[in-house]
Amino acid sequence: MAEAGLRGWLLWALLLRLAQSEPYTTIHQPGYCAFYDECGKNPELSGSLMTLSNVSCLSNTPARKITGDHLILLQKICPRLYTGPNTQACCSAKQLVSLEASLSITKALLTRCPACSDNFVNLHCHNTCSPNQSLFINVTRVAQLGAGQLPAVVAYEAFYQHSFAEQSYDSCSRVRVPAAATLAVGTMCGVYGSALCNAQRWLNFQGDTGNGLAPLDITFHLLEPGQAVGSGIQPLNEGVARCNESQGDDVATCSCQDCAASCPAIARPQALDSTFYLGQMPGSLVLIIILCSVFAVVTILLVGFRVAPARDKSKMVDPKKGTSLSDKLSFSTHTLLGQFFQGWGTWVASWPLTILVLSVIPVVALAAGLVFTELTTDPVELWSAPNSQARSEKAFHDQHFGPFFRTNQVILTAPNRSSYRYDSLLLGPKNFSGILDLDLLLELLELQERLRHLQVWSPEAQRNISLQDICYAPLNPDNTSLYDCCINSLLQYFQNNRTLLLLTANQTLMGQTSQVDWKDHFLYCANAPLTFKDGTALALSCMADYGAPVFPFLAIGGYKGKDYSEAEALIMTFSLNNYPAGDPRLAQAKLWEEAFLEEMRAFQRRMAGMFQVTFMAERSLEDEINRTTAEDLPIFATSYIVIFLYISLALGSYSSWSRVMVDSKATLGLGGVAVVLGAVMAAMGFFSYLGIRSSLVILQVVPFLVLSVGADNIFIFVLEYQRLPRRPGEPREVHIGRALGRVAPSMLLCSLSEAICFFLGALTPMPAVRTFALTSGLAVILDFLLQMSAFVALLSLDSKRQEASRLDVCCCVKPQELPPPGQGEGLLLGFFQKAYAPFLLHWITRGVVLLLFLALFGVSLYSMCHISVGLDQELALPKDSYLLDYFLFLNRYFEVGAPVYFVTTLGYNFSSEAGMNAICSSAGCNNFSFTQKIQYATEFPEQSYLAIPASSWVDDFIDWLTPSSCCRLYISGPNKDKFCPSTVNSLNCLKNCMSITMGSVRPSVEQFHKYLPWFLNDRPNIKCPKGGLAAYSTSVNLTSDGQVLDTVAILSPRLEYSGTISAHCNLYLLDSTSRFMAYHKPLKNSQDYTEALRAARELAANITADLRKVPGTDPAFEVFPYTITNVFYEQYLTILPEGLFMLSLCLVPTFAVSCLLLGLDLRSGLLNLLSIVMILVDTVGFMALWGISYNAVSLINLVSAVGMSVEFVSHITRSFAISTKPTWLERAKEATISMGSAVFAGVAMTNLPGILVLGLAKAQLIQIFFFRLNLLITLLGLLHGLVFLPVILSYVGPDVNPALALEQKRAEEAVAAVMVASCPNHPSRVSTADNIYVNHSFEGSIKGAGAISNFLPNNGRQF
């Protein structure tokens, strides 16, 4: 009802106006004209964008019959008005020529859709030439140009049937402008743009002289059927060609990209869901429940039926029974390893100074390679594999098109400014956000101009570098001025001119007069960025001062839909050319960027209360990573000091205050740290000799990691030496050797396992991680070798000092009186013996422990299935980095994602008709062509991650060739048959490149090669908006046979418009390539970037398969997507299976080494493996809960976790395996007491202090992936090593080795015989049940230790 009432009111107003107006059109009858012929220029107009056509003369006369050339011209321009030889019309031949000229601009945009172009031409042909013109045209204003001349028509009304107008508009509403990736109607609807355009607004713009293109004012009235205007007026209601219908046998229908009705049915793709289901539950959860249930049943059986206690009743193996071959092999392994390290330790301890010198020499020689160290700081070189597909694609793209330009960007908000309401004369009431305020825009303009004129001194060039030396200038790349530089901001809508920004004017619209200012112009340009002259009284252009349009998503952000006035952020972007590494211009660009950053910091401080400013330069990410690395070096140094202090204090065995300085181990601890650092420096130097580049991350992390691992071995070795009682008459060197023989096999097991894991971690293709793994692996090996040599020598010297009661550090000083050293067992050992071990191994506790760890394993498995994969670039930055705010604003306010180029390689012939049709998306092209498939993908952005279709040089080239004002030839003179630019106004340029055809325009092979270079060099302008210089000059390269080649050959400055490729150009022939640019939707995190890459590659593979079917296409031809971020996120496409493979690969040698060094004990190896797997699973599960994503950095930590887990489990497992206690429970208790305390003090407590210090690091990468993850690994390793492992060993641990038990019994009997012989009145009490200091194992004879020492049992029994 309301709509009907409104229409009635409008009709009443129209009738009233007709009654009051002067009747210039007195006759409204069929066969009569309203005007005829031309009367000159419109005297009311000035300042038009181009030379306007003449206006018609008032003439209310009958239509004329036209003949001859006039009729031919009518048939050519207005074919629908041609009715044969008796055709009548209301236009002269001059009017037809003018009509053709005025339609040429619009036809250039609409010609890709023949039905739209025909409907548009037909509409204006009827207005100008219809024989029934007076029926729907009513002249409303005329001008008298001179005495005796007919009045000139300067305004009229056109009456259309509403359906006729709607159908005409609908046929054009989807036609695209490929180069701008926008709709053509966006340039033909004024302030409303494509989003708010409709038939009425589309027609109104065409009749508005304010647009600088219309020669007179036309008021369009759209009437519904049955609505009568009176005075004989009948609305025009001609037939309209539908865009999906052909207009003849040779005329193609509009393509899907330009006509929705032409699109085939495309099913919405299903969202990718990697979750598999079993019934209604996720399959992973079902499998986890089943697995945990099986484990729970096994646990219940173990506890309920007391498997272990039942077997505990069996006593020690009867020595009289024989031993199996496997028992003998296991025993021999223990014996050989123990004897070797015992003899080695004795020898080294006997020659400490010599060994130290011999150890220092190779370390210094290898460390000298550090002088050749080259640090890599480029993030691409650090975090992407050089041989990866993405790096190869990047190299291919950069080789042929140059590196992607360097972005320097500023994002500003004004959180303290309130929004306000503005009544726009054009669009009505609009809400403007606080950032869109004039004083803020003036501040931004001042900043932009200061940055534009920024200069910086270059020592290398010995001159000042300005923006014009390095900027990206798409429309004038060869002779760039400061105002050719690509700067995108809202201020470009005013050509960065303060006067234009402050300009105001009064304007009357629909009887309402109001003042218009910058806000109206902004609204106009945001809706129609391709406008050369807005429709306001300001009459300003929307084009940037460098000549290109500025789309709203490049200038503002934070708006919803098309409500541009509600934007919450202003965006300013300076685009610089990028250059290959080593190019001096790259250093100049970085110098300018450094000055840019300084200027922005000053602006940020100055405008703190007005703006919230975020910014970045292309160099920012690399600078910030390097900055935080340097700032975190003291944190790592503190971590080393903390570990050193702990080792120094904890290694000492203190019995009284007076002996503290003697019993302290500061020198030994410092020596141990020096051994680790020497190993690290030697490893780094070795790889520097090989030319393998290092990084600051390696300098930070490798010493810390190896120090943690090395400190474990140092602590366990010294602790074993202190706890192992010296035998009567045993020399110090033999004592040290005996201690080393007891722990060195497990030290070898840990070091070898860790080194193997690190070397296997080097299989990752990421350079930073690969070099880190190689360096760490070699450092661990060198550290073990130095511990077996240099540190043993240091321990020998320190023991000699302590035995002589000399002070630590100041070894030359000897106190006068000192009490004898105490023999206490220590608090930790007492706690483990009296409290911890009895409680842990109680039968109730053991069952609870198994169930709790089983539940932990199940929860971790489930959490592991939900871990986030990827590495957000924000995590590479310190917490105080200014880039964090920039990335936050980028994700919050940017309305479009990164550009993605679909690149074609060698082997495709673009010059053939089939080749063009398989690429383009206009009329006559394949429904599933290259660009059409990309268009289909943009319809489903949630699955394809594409938001804006690809710009297509093939489409714009075809449109450029279509007979219009674009491609013209000189018809005479010295330039005959050469290209005549559209900017040349000459009668000598009337020849079109292509002849008029009814079908789709396709050049021949010869024409293709001749005209394409002209197209690529043609600068777009209002007469020819299809010129390819700005959009495609660096995207297309051709060989003489139509295949694409390097741009240098085609766009060489020496190449003129000759129509042929000169001989010298062929010298530049390189690999063929071309590219088509689309845009991603906004990508917020690592997962979005990864999935966007996956989707783009799937789309490119699909396109490749279709294009290979085009005749003449090379089978090796390929299309691939390229985005600058691909090199960082490609690894996450396959990191899950690769990580599982790598971790599984690490477990295999770890298991093998464990079995071998544990005396070929398969069960011990399996229990080690089970514990390590549980530690890994629990670690990954807690990673998901603590927000640690899974990526290459965390993967290498998980690889090292395999090695670190060996530290927690192997010592206790070996202690259990070589124990000869009668029952599993007793052996588990003994291993927990003797070695568990050493693992806690030596492994966990040497890791934790250093790890906790890392929590203070500024770099989030260090905090998350080294502090959090290593803390998890250490705590979970500690829990599994000291809680789960003793319990599971007490149930299913390996049996006592009969050979080991037999040998121990023989040794005990021999000792007893010696004791009886030497002390017959004091019978020996030989027992091993109460020993808590050392493990039970067999040791071979030691020469020089005395006869008794050769037969003493290895349980440390004192006599």
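Using the three backbone atoms N, Cα and C, a Cβ is placed for every residue, glycine included.
Swiss-Prot assigns M607 and R1214 to opposite sides of the membrane. Out of C78, C90, C172, the record in Swiss-Prot bonds C125 through a disulfide to C78. According to Swiss-Prot, of the candidate residues N54, N1102, the site noted as N-linked glycosylation site is N54. The record in Swiss-Prot pairs C243 in a disulfide bond with C259, which is drawn from C259, C263. Here Swiss-Prot annotates a disulfide bond for C989; of C980, C993, the partner residue is C980. N464 is the residue among N464, N909 that Swiss-Prot describes as N-linked glycosylation site. Confidence in the topological domain 'Cytoplasmic' (1290-1359), given as mean pLDDT, stands at 46. Secondary structure at C57 (disulfide bond), taken from DSSP and collapsed to helix, strand or coil, is strand. With a cut-off of 8 Å on Cβ pairs spaced 6 or more residues apart, the transmembrane segment (1269-1289) and the transmembrane segment (1192-1212) reach 3 or more such pairs and are scored as touching. Here the transmembrane segment (667-687) touches the transmembrane segment (777-797). Their Cβ atoms form 3 or more pairs under 8 Å, with each pair 6 or more residues apart. Most Cβ pairs under 8 Å with the transmembrane segment (743-763) belong to 1192-1212, among the candidate stretches 697-717, 777-797, 1192-1212. Nearest in space to C57 (disulfide bond), taking C-alpha to C-alpha distance over the disulfide-bonded residues C91, C259, C263, is C91. For the pair C243 (disulfide bond) and C33 (disulfide bond), the C-alpha distance works out to 31 angstrom. Looking only at the disulfide-bonded residues C116, C197, C920, C925, the one with its C-alpha closest to C471 (disulfide bond) is C920. Contact between the transmembrane segment (1169-1189) and the transmembrane segment (1140-1160) is present: at least three CB pairs lie under 8 Å, with pairs separated by 6 or more positions in sequence. According to DSSP, C197 (disulfide bond) sits in a coil region rather than a helix or strand. For the transmembrane segment (777-797), the most Cβ-contacting stretch among 352-372, 847-867, 1192-1212, 1237-1257 is 352-372 (pairs under 8 Å). The residues of the topological domain 'Cytoplasmic' (1213-1236), classed with DSSP into helix (H, G, I), strand (E, B) and coil, number 18 helix, 0 strand, 6 coil.
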